[in-house]
Each structure stands twice: as C-alpha cells, then as structure tokens.
Amino acid sequence: MVNTTDFYPVPAAMAYESSVGLPLLGWNVPTEHLDLVHPHWRSFQVPNKYWHFGLAFVYFMLMCMSSLGNGIVLWIYATTKSIRTPSNMFIVNLALFDVLMLLEMPMLVVSSLFYQRPVGWELGCDIYAALGSVAGIGSAINNAAIAFDRYRTISCPIDGRLTQGQVLALIAGTWVWTLPFTLMPLLRIWSRFTAEGFLTTCSFDYLTDDEDTKVFVGCIFAWSYAFPLCLICCFYYRLIGAVREHEKMLRDQAKKMNVKSLQSNADTEAQSAEIRIAKVALTIFFLFLCSWTPYAVVAMIGAFGNRAALTPLSTMIPAVTAKIVSCIDPWVYAINHPRFRAEVQKRMKWLHLGEDARSSKSDTSSTATDRTVGNVSASA
C-alpha cells in the first residue's frame with residue numbers, strides 16, 4: 001500500500017493537537033523512514049509552529065536576496081565585455097556555487113510551512129544535503145583560489161596574472177574538490193545524509209557514536225574548512241607582506257634619488273584599484289568564515305564533544321548563517337568592485353550605489369597594472 005504521507009503535507013496543526021503537550025520530534029515520520037532521524041533528535045519536543053513559520057519567512061527573504069544579487073552578478077558578467085576578465089571568472093564561479101545554495105532554500109520553506117519533516121524522505125534529504133555540500137565546499141575552495149589570484153596579481157604584476165586557461169583549470173579544480181565528500185555520503189560509501197535540527201534540513205551524519213563517523217567528520221572538517229582556510233590565510237599573509245615590501249622598496253629608492261615618490265598618479269591609481277579588489281575578496285572570505293564557522297563547530301561537537309549541548313534550535317541557527325553568505329556575496333562584490341559597481345549603477349540606477357567617475361576611472365586603470373606597477377618594480 002502506498003503511504004500517502006509521502007506526497008501530501010501533514011497539516012501543521014496536527015502536531016500541536018495530538019496530545020496535551022508537544023510531541024517529540026519524529027512523530028510524523030513513518031517507521032520505514034525513521035532511520036532518517038537520529039535518536040538524539042527524537043528526544044526533543046517539536047518546536048513551536050511559529051519557529052517553523054519564522055524560519056520559512058527568513059529563508060524566503062534570503063532566497064529573494066540571493067536570486068536578485070547572484071542574478072545581477074551573472075547578468076552583468078554575461079553582457080559586459082570589459083568585466084569578463086580571468087580574475088572575475090572566479091567571482092562568477094562563486095555566484096554559481098551560491099545559486100546551488102539558493103536551489104535548496106525552497107525545499108526548506110515548503111518543509112517548514114507544510115511538513116515539518118524532510119520533503120521527499122531519503123531522496124529529498126539527499127538532494128538537499130548534496131546541494132549544500134557542493135555549495136559549501138565549493139565556496140571554501142573558490143575563496144582560496146580568489147586569494148591565490150589576488151596574491152599573484154598584486155605581488156607579481158609583471159608576469160603573475162593568471163591566464164584564462166589557468167583560471168579555467170582552477171575553476172574546474174574547485175568543482176572536482178567538492179565531489180569526494182558529496183558523493184561518498186550520497187552513495188553511502190562513507191557516512192550518509194540525515195535530517196537534523198527541526199528535521200527540515202539535512203546534512204552529513206555527525207551524531208552517530210562510532211569511530212567511522214568521527215573519522216569522517218574529522219576528514220570533512222579538514223577538507224572543506226581547515227585546508228581552504230589555511231590556504232586563504234597563507235595567500236593573504238603573503239600578499240600583505242609583498243605590498244609592504246614593495247612600498248618599502250619604493251620609499252628607499254625615492255630616498256636615494258632624493259625625490260618624494262617614484263609613483264605617478266596613474267601608478268598609484270592602478271595599484272589602489274587592485275588593492276580595493278583584494279579588499280573585496282578579503283571581505284567575501286570574512287563573510288564565509290562567519291557563516292560556516294558556527295556549522296563547523298556544531299559538527300565537531302556532534303562527533304567529538306558533548307552532544308547534549310546540541311539542541312534543535314542551536315543547530316538550526318548555524319544552518320541559517322550558512323545560507324546568509326550566498327545572499328551577501330554578490331552585494332559585497334557589486335558595492336565594492338569599482339568597475340562592476342559602475343556597470344550596475346549605469347543599468348540599475350534605482351539601486352543608488354553612488355558610483356562616480358573617479359572610481360570607474362581608477363578601476364579602468366587597474367587593467368594596466370601589470371604595465372604601470374610592473375614598470376616601477378622593474379626600475380628597482
């Protein structure tokens with residue numbers, strides 16, 4: 001016999017009228033699908049329905065912001081030739097990862113409003129978690145690629161810029177990087193995807209108390225969070241060191257020549273534009289750090305710490321913060337990247353980004369950084 005609850009939502013009120021008190025999480029999950037819900041969650045009462053409605057509203061707003069922001073990034077890149085530089089391909093790739101994160105949001109909205117459990121059971125849970133896995137891991141390693149690109153561009157302006165072929169190879173590498181820890185739980189090769197928190201989201205299993213789960217969580221933490229984070233910190237540290245060394249070299253050379261500065265206004269504007277773009281990349285990385293660190297902490301506590309500290313609410317908040325970054329990324333880029341900002345303002349004046357000619361000119365000069373700043377470096 002077909003279980004009709006697989007296809008039709010359970011009225012939300014039923015969860016709150018079934019007994020005098022609130023029932024436990026998993027009350028509306030049939031026995032054949034109960035494996036989706038770890039026993040840890042089944043010890044908590046279902047959250048008040050207003051928590052579900054509130055989360056649905058928050059996710060709907062995030063979905064709208066992400067759709068508009070990432071849509072603008074992809075549209076401007078596709079229709080503006082001057083924007084289509086190798087470096088900006090990394091930003092477009094980041095937008096694509098953010099779009100994958102966007103695709104799972106409608107599932108959570110529907111689940112929160114009508115089901116209060118995983119939509120589509122195992123299949124729906126796998127789709128939701130796989131989208132989140134690719135988006136999260138991909139964003140992390142793509143931020144590392146952006147940091148590498150900024151380091152090469154600013155520290156080696158003559159021959160350090162990545163070619164289009166090199167950028168495409170790195171972008172392909174970011175997608176390949178997402179596969180191991182997405183496919184292994186998806187195909188049940190190692191670990192699996194399960195419901196978590198309010199049972200309206202899914203992720204890899206970090207609660208099963210065995211050695212296999214602990215090793216998996218430790219490996220995915222290193223692969224998707226710690227290693228990209230180390231790369232990013234390394235590249236930005238070296239970038240800052242290179243900029244300081246370059247400025248020191250110019251000051252020393254100017255002192256020897258008894259002049260105030262070796263840089264012309266054009267040189268200064270070109271270098272300033274590249275540094276502004278580096279600041280944008282650093283801001284996006286900081287947002288990634290703030291968004292994904294809480295979730296990384298939850299997973300590590302679940303595998304190695306005191307699981308009693310993990311309540312449904314305490315795990316749903318990090319799940320929300322992990323989605324926020326996909327909404328903010330494009331707006332940070334649109335507001336802070338000079339040429340992109342000018343192009344958006346030209347086409348969408350109602351956004352009132354306030355881009356002036358000076359900023360646009362400054363970024364235009366950045367396309368010649370390898371010539372201007374490079375000449376200064378060569379003169380030393």
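Cβ coordinates come from backbone N, Cα and C, glycine included.
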Study note, to complete from the structure: Bonded to Cys202 via a disulfide in Swiss-Prot, from among Cys64, Cys125, Cys290, Cys327, is Cys125
Practice item. Determine from Swiss-Prot whether Arg341 and Asp35 lie on identical sides of the membrane. Key: no
Review point. Under DSSP, is Cys125 (disulfide bond) helix, strand or coil?
Key: helix
Point to revise | Neighbour-count leader, CB within 10 A, disulfide-bonded residues: Cys125, Cys202 | key: Cys202
Study note, to complete from the structure: Reduced DSSP state (H/G/I helix, E/B strand, rest coil) at Cys202 (disulfide bond) is strand
Practice item. Could you pull out which residues elsewhere in the chain have a CB under 8 Å from any CB of the topological domain 'Extracellular' (192-215), counting only those six or more residues past its ends? Key: 25-26, 29, 36-38, 40-41, 47, 51-52, 55, 108, 111-112, 115-118, 124-126, 128-130, 132-133, 181, 185-186, 298-299, 302-304, 307, 310, 312-313, 315-316, 319
Practice item. Summarise the topological domain 'Extracellular' (304-311) by DSSP state, stating how many residues are helix, strand and coil. Key: 4 helix, 0 strand, 4 coil
